[in-house]
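Some features that Swiss-Prot has for this protein:
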type: REPEAT; residues: 79-108; note: repeat 'ANK 2'
type: REPEAT; residues: 112-141; note: repeat 'ANK 3'
type: REPEAT; residues: 247-277; note: repeat 'ANK 7'
type: SITE; residues: 111; note: site 'Required to capture Ser that is misactivated by AARS/AlaRS'
type: SITE; residues: 144; note: site 'Required to capture Ser that is misactivated by AARS/AlaRS'
type: SITE; residues: 174; note: site 'Required to capture Ser that is misactivated by AARS/AlaRS'
């Protein structure tokens, strides 16, 4: 049987919320138990019992450990998380309020410069966010990637939380990450329709604001398959459907890479985008991009929309070359079944010569043995 004060047993009692048993255990251990001896005994995180209590929402145990054993509410684990980070990240309001009431540092930084408010914004718990802000949390602080709390809330997509942050800090939307991505990019990428609506109504982002790669929120919405958001950006934000990124690729090309067939149909049939338009730098069409990524269904969709199956890039490589170079057997097979013949590129190489897998080689030559 484990001796009194055994770290594993104490941890279990805290997680299960067994305050009475925990109190009895520690009273038996008495002077033999040192709170600091617990640190590090529960794995590489270096958590204290306060971390466990805060993480699991055990406010009564949290108060007991602080008041009866004088445990340090600012104790950091190996990720520099304080108990307040744990309580905020899990949405345990009673623990958050207790720690703040005991004087916990509201904007303490964990690894990667995340504050408790940032972590609270990963949860749709407005009351916890309000408690932190009312105790002085700064929504404008940024983590190591350049994200502030509004950025994080935009990813989660709760318009009520976004509205609250804009009310208490009207300039919080004026932010970019280190790669120049705005909260509008983030909300569009993650398919948060109501959040995008809120951002367009309350904030003043430039139409087609670009990140370091030249990607616009419209491109983000399209390449992730969020057609309703793409329509919203077109109607309410005057987004440009043919804008190009830093490599000269349009939203159509990016949708081909990610295999977003519905978005491709919307662009071609709904907006009249040329299905064979080329990216400026690579001269790849959407069909070539899809073949390069092995997106067989998207290749089929593009062909059904009239894409030129014989299109080639600046090195005269066909879709078959790109599919074979990527060892995409199913895609290469579909292209051949659709009538695309093997041909030489500018170096004289055939698509078949780029294959390595037996499955693809057998499609070209049934006599190849497995």
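Backbone N, Cα and C atoms are what each Cβ position is placed from, and that goes for glycine too.
Same-chain neighbours of the repeat 'ANK 7' (247-277): 213-215, 218-219, 222-225, 227, 230-231, 234, 241, 284-287, 289-290, 292-293, 295, 297-298, 301-302, 305-308, 311, counting only residues six or more beyond its ends whose CB sits under 8 Å from a CB of the stretch. In the three-state DSSP reading, residue 174 (site 'Required to capture Ser that is misactivated by AARS/AlaRS') counts as coil. Looking only at other Cβ atoms within 10 Å, the busiest spot among the recorded sites 144, 174 turns out to be 174.
Within its own chain, the repeat 'ANK 2' (79-108) has Cβ neighbours under 8 Å at 45, 48, 50-51, 53-59, 62-63, 66, 73, 114-117, 119-120, 122-123, 125, 127-128, 131-132, 135-138, 141, counting only residues six or more beyond its boundaries. Mean pLDDT of the predicted structure over the repeat 'ANK 2' (79-108): 98.
Separating the Cα atoms of residue 144 (site 'Required to capture Ser that is misactivated by AARS/AlaRS') and residue 111 (site 'Required to capture Ser that is misactivated by AARS/AlaRS') is a whole-number distance of 9 Å. When DSSP labels each residue, the repeat 'ANK 7' (247-277) comes out as 18 helix, 0 strand, 13 coil, counted as helix, strand and coil in that order. Residue 174 (site 'Required to capture Ser that is misactivated by AARS/AlaRS') sits 24 Å from residue 111 (site 'Required to capture Ser that is misactivated by AARS/AlaRS'), counting Cα to Cα.
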